[in-house]
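Report on the structure given below.
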């Protein structure tokens, strides 16, 4: 605000004053009826606004006894006194300035309230993505009257720098929410310093866009200010690191294309983006980082760990291969604790990664860390599991040794290794036996199923045969050969009824009929769910059917001797000679198989008891059991009931 000149003129006779006030230049004129001459005097300038300085100013005026017209300044306003007695005018002047300061403070308060409402509407329109409302606010702001200390462009720039309660600017919100249209409109009014403003989460607009993978916003910012790639947060985390950890490959490639050197930025803990990407198994990001600059593989963090140390902690074998292909020299690098990648992979129980590392001929299998431990020592500390067994086996095959045996010969070494080998073999045998047991149990279930089906088929066959025998016996008694008496009291009687052969025939035929009927009754009445019970029932019924067969055979021979007569008895004898050996031989063979199987099953049960009590090794007894099962399988192809 430029200085203004105020003229005061006081007439002691009339005491009349006239006033005029002009807002633009803040001039205040006091005139009287008489003309006064103005003589330029050396001005007295007062710089402060405090009450103390005001009192000094009044005291200074009272001390002036000369008839002069002093020129004074207060708050940037120059005052020329035309009369000597000007104290009252000065007091009124001070009152005027006090009122003016109060009005200015009130105006500033209203401006702050209006500014708060404007900011609230501004952030609401940005967060809602309302581009039309946002443009109206900006246009209204640039078109309104502003103070003398501001210009429209600076007012908009000030609005762009305003932060909400979370420390976020409008550009930050648009970048975080991926509002590309809003962002493109706002970034025209922003400078680099505005974009670099951090929120309470210690990230700027470019940082949050890179972390959330907003590729369009990242590319637009990079086209305006490429140096944003190297601006980090308080922990020295670069935007590239934030994007790489989230597996935003396109964002990573965009930043590497603009500034490849940003991949070499390390955090306060010394880790690069490759360290973390390798730890999490982000193969695509690892490839992109290594392709731009392979030297990043050899960077160590504050713990002395390379990217390979971090990669073997993860689960991705492909990431480990990619890092080793970039630089094989880091294969045996040690961290501050003296651990190589093989130590860490063993401690983390990563069998596939351990096997991969052992395929390299340059690897130091028996490298000792600061605790005098090799990878073999760490493998012994692992909890028993298949992974631990695989790691132990791989290390043994690669020539792994314990730390206490490195550099010296020990007699117990061979014994220890032998015990370890035996232990490993026993454990492997236990696992194999468990698998074999499951396989054999499945086979046993199938065999039991087959046995059950065979017994059921036998039961059905016996029922059919019993019905057939009963039918034959029943029909045979009414279809005798020869003639019957037709008259008298003996009508319907067979002519051969008085013969001995006919009597034998009737007796045996009736026996066969009754046995067959009994078998049918048993078969349709008893239901055995257990296979053993079914076998017992079938065994009993089977013997009854043998008796029925024998009775039917005897009945046939008896009637044969009767029918052919005495003159042709040779025919009946021939039939007897042919049939008797067949039936007797068949029954004898069946008896042999039945008794042989029973005696053999008793001996086998005693032999199993003796072997089970005398064996102390699970694997040996189990092998004997399996061999017995194989031996018995040949005899059990035919089962005699």
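For all residues, glycine too, the Cβ spot is worked out from N, Cα and C.
Looking at 570-595, 596-621, the stretch flagged in TrEMBL as transmembrane segment turns out to be 570-595. Listed ranges 418-445, 502-529; the one TrEMBL annotates as transmembrane segment is 502-529. Tertiary proximity for the repeat 'ANK' (269-292) is limited to same-chain residues at least six positions away from its ends with a CB under 8 Å from its CB atoms, namely 238, 240-241, 244-245, 247, 249, 252-253, 256, 260, 263, 299-303, 305, 307-308, 310-311, 313-316, 318-319, 322-323, 326.
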